[in-house]
Amino acid sequence: MKFTSLSFLLFFIVVYALHWSIRGKFRLVFLFLASFVFYAAWSIPFAFHFLTLVLINHLLNKQILKNKNSYWYPISLFINFGNLFLFKYFYFLWSLLFQITGSIWFSNESVQVFLNSQFGFDSITLPLAISFYTFQMVAYTIDVKRGNANEDPSFLQFGLFIFFFPQLVAGPIVRHGEFFYQLEVWHAKKEQLLEGYYLVFLGLLKKVVIADNLSPIIEPIFQNPDSYDGVSNALAMFGYAARVFCDFSGYTDLARGLGKLLGINLPENFHAPYLSASVRELWTRWHMTLATWIKDYIYFPLGGSRVSEWRGYFNLILTFTLAGFWHGANFTFIIWGFLHGLMLSIERKIEIIRNQPKKETVVLWKKWIGIIYTFLFFVITIPFFNAPTVKNAVSMLWRSFVNAPGERIGQLEKILYSILLTFLLNYLQTKHSFPRESWTTKFSLLFLFLFSFVVTVLLGYLAPGGTEFIYFQF
């Protein structure tokens, strides 16, 4: 079910009504079952596959909690990462072996014949949300091993922690300390519910009005950059910056809003990232839960910055290269992550040379120069994030820089308006008084009426032709 579909709206209305009608522990049971049904609507076999993984993780975590040094810990990591490798990276690594060896045994045709003869299907399908639920389960297992997670949740509590449908598909990546305590007492506070309505409205606005309108304009250029001129290629990159922010932060707003409507607060994932004055600051504002995850479970275990200077740079670059690979089994994502790690290392080296501590820039003109530089760097790396091949990504950058001739993109004004709206949304996010709580509390009935009307219009009129959320593919 697409979050922007009428079918999901009906599903959520039923879940919402029943959720607040049920009392006690049965509310937990119901919400877990509703989350399972949500995933099963995409694939029943994979829903049971997912359920089995959750059960295995729950049982292994109980053993690790009893004995931190038990052999169950590496077994748990092997199962989770093995599952991720099989479904997400098998074809990538297999085709890499084929390119290196040239052996027919590593061809896709051989894999297809083997799967068909042994299992009755032709290919390995990527399960929905596998990257997100793997990271969430692995993080909890590591925290149990480190002694940072001393809860002993029931299967239903742990299952809902992983399965909770508003954030299941594309995050935010939730940590145990942010979730389990909320299951002890369920509250339907007026302010929380109204804030949830607002976030749902904001998420739909970003996704349906901005992101989905940009997609048909700019995506053909990423698929075939050589057919378009340099200006069009450059505009496609800037347009995608607006699209990916509105798409992904829009999903996060929806997830957080739906969570609040069900009495669960989910962590913030974006906070005005396009107003960052450095790439380092960008990664404290963009996909914040992923940035925290890779810092705690990859960067720090590698030694972080508590090592030699050059080893610290290596740790940064390796961490973000792996983060890029997490996004997708493609060399484009690896390069994208490498570039971000490299730029973070360059920024750190400059700070060391200038012997200046890490602090927020207070001089206004310096801050604006930093914002422009950071945003331009983000835009320049976009082809490696969205183009299907490295060749397409390099072609987009080259044609943009030399202003190559070709077909000119249409609907220029729509791209420009979307970019301006994106920066306005980033700016408004820095204003803690927006929206003012008094707006939603004083005019709550009017607010709910307008919310219902706008949601119906957005889903009924605009959303049917919309695209899937970008991060659903990860």
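Glycine residues also receive a Cβ, built from the backbone N, Cα and C atoms like all the rest.
For 27-56 (among others), the entry in TrEMBL reads transmembrane segment.
The transmembrane segment feature in TrEMBL is assigned to 77-104 (among others). Through the fold, the transmembrane segment (77-104) approaches residues 53, 56-57, 60, 110-111, 124-127, 130-131, 134, 137-138, 141, 329-330 of its own chain, all at least 6 residues removed from its boundaries and within a Cβ separation under 8 Å.
For 124-142 (among others), the entry in TrEMBL reads transmembrane segment. Same-chain residues lying 6 or more positions outside the transmembrane segment (124-142) and placing a CB less than 8 Å from one of its CB atoms are 39, 42-43, 46, 49-50, 53-54, 57, 60-61, 64, 73, 76-77, 80-81, 83-84, 86-88, 90-91, 115, 149, 158, 161-162, 168-171, 173-176, 290, 293, 296-297, 326-327, 472-474.
The transmembrane segment annotation in TrEMBL covers 154-174 (among others).
Listed by sequence, the residues of this chain that lie at least six past the ends of the transmembrane segment (313-339) yet keep a Cβ under 8 A from its Cβ atoms are 88-89, 91-93, 131, 135, 290, 294-295, 298-299, 302-305, 307, 345, 348-349, 381, 383-385, 387-390, 393, 473-474. The transmembrane segment annotation in TrEMBL covers 313-339 (among others).
Residues or ranges marked as transmembrane segment by TrEMBL: 368-389 (among others).
The transmembrane segment annotation in TrEMBL covers 440-463 (among others).
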